[in-house]
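Annotated features, as they stand in TrEMBL:
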- 38-169: coiled coil (COILED)
- 190-523: domain 'Kinesin motor' (DOMAIN)
- Gly279, Gln280, Thr281, Gly282, Ser283, Gly284, Lys285, Thr286: ATP binding site (BINDING)
Amino acid sequence: GAATVAVGPSGGKMAALLGIRVKAVSTRRHAWDLKGKVSDLEDKIRSYQTRVKSVNQENEALKGSVAESQTKAAQVEKREYEEELQSLSGVRDELEKVSSERNTLQKELSNLEGKYKVMETLRDSQETELQTLKLSVQESTLARVQATLRDTEEEVRCLKETVAQQNDDLHAGEMERRRLHNTIQELKGNIRVFCRVRPTVDGGLSKHIQLPATDNKMITLAKTEESHTGKTTDTQKNYNFSFDRVFGAKASQQEVFEEISLLVQSALDGYNVCCFAYGQTGSGKTYTMEGEEFNENRGVIPRAVQQIFKAGEKLGSQGWEFSFTASFVEIYNESLRDLLYTGKASKRPEHEIRKSANNEVTITNLTYEKVSNEDQVLGLIALANQNRSTAQTAQNDRSSRSHSVFQLDIEGINAGRDVKCKSTLCLVDLAGSERLVKSQSQGERFKEMTAINGSLSNLGIVITALANKENYIPYRNSKLTYLLQGCLGGNSKTLMFVNIAPETDSFGETLNSLRFASKVNDCVIGTASANRK
């Protein structure tokens with residue numbers, strides 16, 4: 001009975017534990033030992049009672065903790081309710097404010113709708129009025145535009161007539177300019193001669209060459225001759241020459257070219273033009289004709305090419321269209337060589353000079369390059385300079401061992417005027433004459449010198465024949481004179497530069513060059529005519 005009372009408050013678990021313990025004790029004691037069993041049970045009961053008391057105390061403590069937690073939970077819930085209530089109170093105020101604004105906006109919307117209806121009515125009335133005004137304005141504008149159009153058409157017609165008249169006047173003026181320009185060139189002579197003195201190496205003055213300050217067409221060679229008896233004083237003998245223009249040692253490349261620029265212009269007018277440089281080796285012929293790469297030192301050939309293309313571009317505005325074809329050939333040891341040939345040396349073709357039925361001189365198997373601008377021509381000139389035959393002699397570090405001939409064939413057409421023209425600009429750099437004593441040429445150089453001097457001698461023979469107006473002119477005596485036949489005695493405007501060296505030991509060669517140039521200056525070959533259709 002005591003065991004049952006003790007176990008009751010602790011629940012089923014305590015009873016189960018108690019049963020296990022009782023069972024365990026009963027297994028250890030004999031059945032007859034009732035007292036022992038009772039004693040064991042009493043111990044167990046006391047132990048369990050102690051545990052029950054402890055559990056009850058813990059239970060009371062937990063009850064207090066639960067009560068406290070419930071109190072705190074109630075407080076927290078109360079605070080949350082209060083905060084939510086405050087928030088809902090603010091939302092209610094905001095809702096009331098929004099409702100008030102909505103009512104205000106509704107009233108404004110109602111007023112705007114009323115105004116909109118009034119505006120629609122006004123717009124409809126104005127649109128009706130505007131359509132009426134547009135119709136009236138369009139009719140008046142159309143009439144005004146039609147009147148303006150008639151006036152404009154009449155003005156355009158008058159302007160077209162004026163432009164046509166101006167084009168006619170411009171064409172007539174261009175033709176008159178060409179006629180006067182070429183008349184001036186003819187009055188100056190078809191074969192003109194310019195003399196140019198090369199500067200000395202040290203930049204000093206040459207005493208035996210005298211240039212009058214007041215006359216740019218005169219040059220005097222002064223030679224002092226010693227007395228043969230020794231009793232009289234030395235005498236000075238002067239050789240006076242007159243040319244179309246004489247350039248001193250200080251003359252610039254630009255100054256030289258300005259004197260021949262009008263002659264170059266004739267090439268675009270349909271006239272054949274030839275310019276060549278003559279003189280002893282080392283007298284500055286190549287510098288005059290080709291010059292250097294720098295713009296201020298460029299020679300006649302690059303400057304002439306530049307002028308041709310610039311002038312051709314300007315004439316394009318007057319209806320002219322030009323096509324250009326370039327070629328470059330040299331005469332080396334009385335044989336022709338194509339300076340624009342780029343193939344294998346072993347496969348170089350043979351070249352011959354041929355004369356067509358209309359007396360035009362051509363070269364067989366020669367390279368003819370179509371060019372359209374200045375840079376293309378300058379590139380061909382650079383290629384030709386690389387291929388040209390040069391060598392070092394006692395008189396010149398880089399002596400030209402051949403005559404080079406640059407030709408620019410020009411064809412022009414003015415479709416609007418049904419006018420065509422065709423011409424050739426021929427620019428020649430002759431090899432320099434030289435004496436064996438000075439040049440000390442040997443072997444191949446001697447052979448070259450002989451060929452050069454021979455061709456120049458034949459050139460002198462041809463010039464003499466022309467000056468004497470002989471019936472037979474020996475052009476075929478050399479390749480040079482045969483190639484330049486059209487420039488010397490044909491339909492061409494020709495200019496020769498005679499270049500002279502300023503050194504005293506070149507006096508003999510200088511005198512011979514000036515005498516030859518005087519013969520050229522005395523030649524009369526007739527009036528050149530334009531190749532125009």
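Heads up, the Cβ atoms here are built off N, Cα and C, so glycines get one too.
Quick caveat, the model's predicted, so the values are computed rather than measured.
Mapped onto this structure are the features recorded in TrEMBL.
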residue	record	Cβ within 10 Å
Gly279	ATP binding site	30
Gln280	ATP binding site	24
Thr281	ATP binding site	24
Gly282	ATP binding site	24
Ser283	ATP binding site	29
Gly284	ATP binding site	21
Lys285	ATP binding site	26
Thr286	ATP binding site	24
Within the domain 'Kinesin motor' (190-523), what mean pLDDT does the predicted structure show?
84
